[in-house]
């Protein structure tokens, strides 16, 4: 066989240079394979509840940490030093994409992210700079590659992005919103411009996720955190088509990267199907508040569906069927319970979900005051429940 694309060849060599994975339970669960134990990781497992993170933040502002691979890796590693987690997730933020598109994003203490010059009208879309956006996000790829080596194969590394609707909401509202009323108004007032906006974001997201996979991400999560503001009809209009396009376009691109034949020598896997696994990462969709559309989510082609805490996992399994992995879905507020009560809740959650095709997690990111002991209890309970 002959090499048709040197870039593809170099990509595969780069991916194979990473240390071999020692704990692959997360990836096995996502693929529906037998696991040694129920894998567990926690959304926002790296962050403000850890004193070592707070110390680092005294020296560096939030986005400096995100943009500096050494600092991003340090924060990513912090929870792994404390807890027996089955995954790491690169420290970053979904709003790096609006930044790369030319918008200013500031992190205000006690408020959260603020975009001082939001997109108010369709005319403002001209301010966005999608050309070259990926080149302004390479620091994330650098952090992912660095982190894969620092992990030394301990656990898989997850990359992530915000979904188009969620990013559009922040960019229109100028930050977080309890209603997303301005963004929702676009769906009715500017339907064609909304489509153009969402397509623009989708295309940048696909570029961004492809870069993360090539950098070394072994799983990807797409955060549709603002789905809770959409009715089912609105979700199927303003979210679902773009989530589908992300998956389809990404898989198509990554598949094409390894279609050119490569030499079957000892430095490469022994067949094309194994080669594909190097590039086609497993995909998680987490659409918070979109329990009304689980069936539709199950038809998008994602490997894992994340559940928020309002969804009964038994009912979710009945809806999505046996061939999709579920992730979640402990109420983050339960992390403030007494240890014995938390242990009972976590154990009950795992019993409901079972050991097959399940990843234990919370139903949304944990909050800044989460007790460290609660993380210890959750991880231990998830591992020992079955």
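Count begins at 1; order follows the chain as displayed.
Using the three backbone atoms N, Cα and C, a Cβ is placed for every residue, glycine included.
Under DSSP, residue 46 (coproporphyrinogen I binding site) is assigned to coil, being neither helix nor strand in the three-state scheme. Per Swiss-Prot, coproporphyrinogen I binding site is recorded for 44, 46, 48, 57, 93, 170, 225, 364, and the stated evidence type is similarity to another entry.
What Swiss-Prot lists as coproporphyrinogen III binding site is 44, 46, 48, 93, 170, 225, 364, and the listing cites similarity to another entry. Summarising the environment of residue 93 (coproporphyrinogen I binding site), the number of other Cβ atoms within 10 Å of its Cβ, over all protein chains shown, is 18. DSSP assigns residue 93 (coproporphyrinogen I binding site) to coil in the three-state reduction, outside any helix or strand.
Under the heading site 'Transition state stabilizer', Swiss-Prot lists 93, citing similarity to another entry as support.
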Fill in: Most distant Cα pair in Å, residues 44, 46, 48, 93, 170, 225, 364 binding coproporphyrinogen III
22
Item to complete: Quick one: give me the count of other CB atoms within 10 A of the CB of residue 48 (coproporphyrinogen I binding site).
Response: 14
Fill in: Local Cβ density at residue 46 (coproporphyrinogen I binding site) - other Cβ atoms counted within 10 Å
21
